[in-house]
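Asks: The structure's right below; bear with me while I get my questions together.
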Amino acid sequence: MIIIFYFLLLGLIIGSFLNVIIYRLPEGKSIITPPSHCPNCGTRLKVIDLIPVLSFLSTGGKCRYCNTKISKQYPIVELLTGFFFLAAYLKFGFSVQLFIYLLLISALIAVAFIDYQYMIIPNKITYPLIVISLLSAIIFDYITIYQSLLGVIIPPLLLLIVALIFKGGMGMGDVKLAAAIGGFLGWSYTLAGIFIGSLLGSIIGLSLMGLGIIERKSRIPFGPFICTGALTMIFFGEFLINWYFNLFI
């Protein structure tokens, strides 16, 4: 039982670091230096200010030093990461596959929030992921290198064709993200995840237009939906694939 708490705590801590990545990477800042500080007053944060979730709650969501309001993104990312780390442990147990997926899950959370805020998917995340996915397939054999290679090639190729046909509907960052996910999940799971993400994106996009929140020509980042689809396949992929084949084949 105690190991469940450890994975939840690990997720909260990693989530705190993901917030640093989400804030600094799009602006070209180092994620290592300088130490964590308030973006408004520049005061270096103490250990008590870095405790995931609790530090936010204890200060009422404000900076302890300048009283500036802190974005709710910080506890949300920490809680999301903690939840997914715990869920991943419960699904995969203490295994090599678990830690590989924890890396992917962390990257997906970071990419989703970065793309949502900045409308970009950093190459500094996707390129290393592609390399790591292929190396992990070779070294740990949790997925065959053949499946991993096809995952790196087929899904992004299809998205590239879509991007070229429907200009402006999708960016190259989405294509590279599909390659990164494909290296970990294989081509079939990745395509299924992209389909789920596209369906979800369409529903949300149409709903927002219907409510008058966005216009028809408004740009909506696709990365968060791809990430959501990938997370869905990580946890429910086998069930969904079996359900599909039993229903239609």
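Just so you know, glycine gets a Cβ as well, placed from its N, Cα and C.
Residues or ranges marked as domain 'Prepilin peptidase A24 N-terminal' in TrEMBL: 9-92. Sequence annotations record features per position, and here TrEMBL assigns domain 'Prepilin type IV endopeptidase peptidase' to 102-206. Per TrEMBL, transmembrane segment is recorded for 6-25, 98-118, 125-143, 149-166, 187-214, 220-245.
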Asks: Near the transmembrane segment (6-25), which same-chain residues lie under 8 Å Cβ to Cβ, leaving out any that are not at least 6 residues past its ends?
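Replies: Tertiary neighbours of the transmembrane segment (6-25) are 31, 36, 39, 50, 52-53, 73-74, 77-86, 88-89, 102, 106, 109-110, 113-114, 117, 122, 124-125.
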Asks: Under DSSP, the domain 'Prepilin peptidase A24 N-terminal' (9-92) has how many residues in helix, strand and coil?
Replies: 48 helix, 4 strand, 32 coil
Asks: Write out how many residues of the domain 'Prepilin type IV endopeptidase peptidase' (102-206) are helix, how many strand and how many coil, based on DSSP.
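Replies: Grouping H, G, I as helix and E, B as strand yields 90 helix, 0 strand, 15 coil.
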